[in-house]
Amino acid sequence: MMEGQQHGEQLKRGLKNRHIQLIALGGAIGTGLFLGSASVIQSAGPGIILGYAIAGFIAFLIMRQLGEMVVEEPVAGSFSHFAYKYWGSFAGFASGWNYWVLYVLVAMAELTAVGKYIQFWYPEIPTWVSAAVFFVVINAINLTNVTVFGEMEFWFAIIKVIAVVAMIIFGGWLLFSGNGGPQASVSNLWDQGGFLPHGFTGLVMMMAIIMFSFGGLELVGITAAEADNPEQSIPKATNQVIYRILIFYIGSLAVLLSLMPWTRVTADTSPFVLIFHELGDTFVANALNIVVLTAALSVYNSCVYCNSRMLFGLAQQGNAPKALASVDKRGVPVNTILVSALVTALCVLINYLAPESAFGLLMALVVSALVINWAMISLAHMKFRRAKQEQGVVTRFPALLYPLGNWICLLFMAVVLVIMLMTPGMAISVYLIPVWLVVLGIGYLFKEKTAKAVKAH
């Protein structure tokens with residue numbers, strides 16, 4: 001009985017430094033790069049490389065802000081805890097629930113992408129069927145224990161990293177050995193209408209989709225409560241992940257866009273698979289499709305982990321039903337995994353009803369939730385830093401360029417929202433932000449009223 005109580009509300013610290021680095025890396029190397037980059041290439045051309053560098057810098061600032069807070073206070077629920085403690089109870093409530101919804105939407109987008117990748121081999125299989133099968137498999141794995149999740153995500157991410165590095169090396173060899181055919185040349189980066197064929201506007205208009213690619217880096221913060229040694233592992237993961245991401249994103253896209261003119265890229269297929277398919281290398285195209293499928297499953301796996309831990313943190317704060325604040329004897333928050341899975345299952349229905357537009361719609365909703373998420377991290381960090389300065393505390397892992405870095409991030413978020421308002425198909429998700437904030441407000445008032453009623457009794 002004592003043992004049951006001891007484990008009743010505690011997550012196990014079963015994640016090592018290698019797990020944490022690859023969870024964050026795996027969270028970012030996914031559908032945004034492998035599938036989302038297609039529409040960016042069509043609009044921005046080779047300028048996509050500059051776009052990823054800009055968004056990568058913003059993502060790094062956000063990660064360092066979150067990293068500073070997490071190293072000081074490694075807790076479940078990550079930044080919703082900081083918003084709650086340093087900003088106010090509504091901020092904690094809103095940021096936590098927004099993050100949970102964000103990752104439910106990301107999970108839906110990744111499952112949709114899985115369906116598209118399966119169609120590369122089996123065009124007759126509807127996306128909703130593939131989504132349903134992998135939905136069941138990944139959730140079943142997450143119901144084991146955190147170390148199994150960590151190991152699986154570690155190997156998923158290793159496959160992605162090796163594949164991206166191998167693709168950069170193999171693509172480079174094709175490029176410089178002359179085996180890539182007459183169209184393979186570094187001059188493709190500026191010959192087809194210039195580096196920015198549609199001007200700087202073409203690139204700016206794509207920043208929202210590029211931002212989608214970097215969503216997932218903040219998973220480092222969520223892992224803190226289950227990290228063996230957060231004071232060492234979080235700073236190391238934060239600093240190393242961003243350099244690797246930029247090398248992978250910028251390196252792979254530079255090689256890719258040199259192998260073939262950017263004008264040949266189509267929106268529905270991964271440009272990585274398409275280019276090797278067009279070069280006539282069916283083996284590499286098939287191998288890469290396995291990799292992009294693994295990438296989507298890896299991010300979905302991270303989503304299942306992340307959603308359940310965020311909901312667990314919300315329940316511990318009293319912002320979600322108390323039943324969700326329990327774990328089984330292995331330290332697995334089974335209830336939160338099942339609740340998150342139930343909502344994510346809507347993805348199968350969306351793919352059944354609107355298979356063609358499902359991915360675009362989900363991606364737009366993800367970016368809106370991500371804007372709220374990153375803005376709240378930046379704002380919560382400013383309040384956290386002020387509180388620490390007033391207490392005379394010198395933090396161990398200070399964020400870069402504080403407070404200027406925070407204002408740069410907030411300006412970037414505002415620009416992304418304006419871009420989305422001007423983008424057909426994306427504007428609806430921006431209009432939904434005030435609606436979503438009202439829903440959160442009603443939920444918060446209901447929670448407060450219920451809490452008061454319980455106290456009165």
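Here the Cβ of each residue, glycine as well, is placed from N, Cα and C on the backbone.
Both ASN229 and PRO271 carry topological domain labels in Swiss-Prot, but the labels differ, so the record puts them on opposite sides of the membrane. Within the chain, the topological domain 'Cytoplasmic' (64-86) has long-range Cβ neighbours (under 8 A, six or more residues past its boundaries) at 11, 92-96, 99, 218, 220-222, 224-225, 227, 230-231, 234-235, 238, 309-310, 312-314, 316-317, 319, 376-381, 383-385, 387-388, 393, 395-400, 402, 405-406, 409.
Taking every listed stretch (87-107, 156-176, 202-222, 359-379) in turn, the largest tally of C-beta pairs under 8 A with the transmembrane segment (43-63) is reached by 202-222. Across 87-107, 202-222, 334-354, 359-379, stretch 87-107 shows the highest tally of CB pairs under 8 A with the transmembrane segment (430-450). Where the transmembrane segment (202-222) meets the stretches 87-107, 118-138, 334-354, 408-428, the count of C-beta pairs under 8 angstroms peaks at 408-428. Residue counts for the topological domain 'Cytoplasmic' (139-155) under DSSP (helix as H, G, I; strand as E, B; rest coil) come to 14 helix, 0 strand, 3 coil. In summary, the transmembrane segment (87-107) lies against the transmembrane segment (359-379): three or more C-beta pairs, each 6 or more positions apart in sequence, are under 8 Å.
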